[in-house]
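What Swiss-Prot annotates here:
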{"type": "ACT_SITE", "residues": "D67", "note": "active site, proton acceptor"}
{"type": "ACT_SITE", "residues": "N137", "note": "active site, for ring-opening step"}
{"type": "ACT_SITE", "residues": "H139", "note": "active site, proton acceptor"}
{"type": "ACT_SITE", "residues": "E144", "note": "active site, for ring-opening step"}
Amino acid sequence: MQVIIFDNAQQVAENAAEWVAELINKKSNPVLGLATGSTPISLYQELVNKYKAGELSFSNTTSFNLDEYLGINEKNQQSYRHFMNENLFNHVDINKLKTFLPTCNQGENPREQGLDYEDKIAQAGGIDLQILGIGANGHIGFNEPTSSLASRTRIKTLTQQTLNDNSRLFAADEFQPTLAMTMGIATILDARYVLLMATGKSKAKAVKEMVTGPLSAVCPASSLQLHENAIVLLDKEAASELEDHEYYVWADKQNVKINQEFGLYHNY
């Protein structure tokens, strides 16, 4: 796991955008795994800026989102399809027919939808770079604590903590879903590269458990310890409970030298 600590959240977004841009510019048909929530919004803004500046094109890119609320219409402003359209897809040249979410409408079988989503990812050649955030309880996607480390795309019941964390996004009289479709932990680990972004003091405990805690389903993000190419981008607040800050800074300086000479990716 490569841990990189930045002074602030904006620097996290800028570095994450460099990872995405290099992949898109290096690979003819890149496949991105995308996330929602507050953390990646600044990343998407950086990518939109790069597109408008002529630094990259999404025309050959395929994307798969981590999750989507169960039974919510894609046109609903609380849907993750709406989120992605508003924050990225509407502002770049990506073909929306090649942007996928694990949508499961009312009356559809969530188990069949999960299998179908896994098939679509496989048919696209797998995910090259999966973007992640992390919940305060260590969840990635909607893989809540005690999720199986071997799990695949499926329906999940959201914990009360996740519901509380997300309640600020819903009006008091607005329906808030308690179920969601999500890529599984094994699905995430299948990505060739994983890039997790975490900012703010509220994520510090989960970050510590992910990076230095035991591998455990209690902290789903700790599964990234098993990934060959996991990159963790943190601001100082999110990294505040990690020990050995000096080591992470020193290691990053060594990696910067290698990346400058050979690029961020070793197999593209």
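Cβ coordinates are placed from backbone N, Cα and C, and glycine is handled just like the others.
For N137 (active site, for ring-opening step), the same-chain residues that are 6 or more apart in sequence and have a Cβ closer than 8 Å to its Cβ are E144, P145, T159, Q161, T162, A206. A separation of roughly 12 Å, to the nearest angstrom, links the Cα atoms of H139 (active site, proton acceptor) and D67 (active site, proton acceptor). A simple way to gauge crowding: the CB of H139 (active site, proton acceptor) has 24 other CB atoms within 10 angstroms, across all the protein chains here. Cβ environment of D67 (active site, proton acceptor): T36, Y80, L101, P102, G141, F142, A180, M181, T182, M183 lie under 8 Å away, each six or more residues apart in the same chain.
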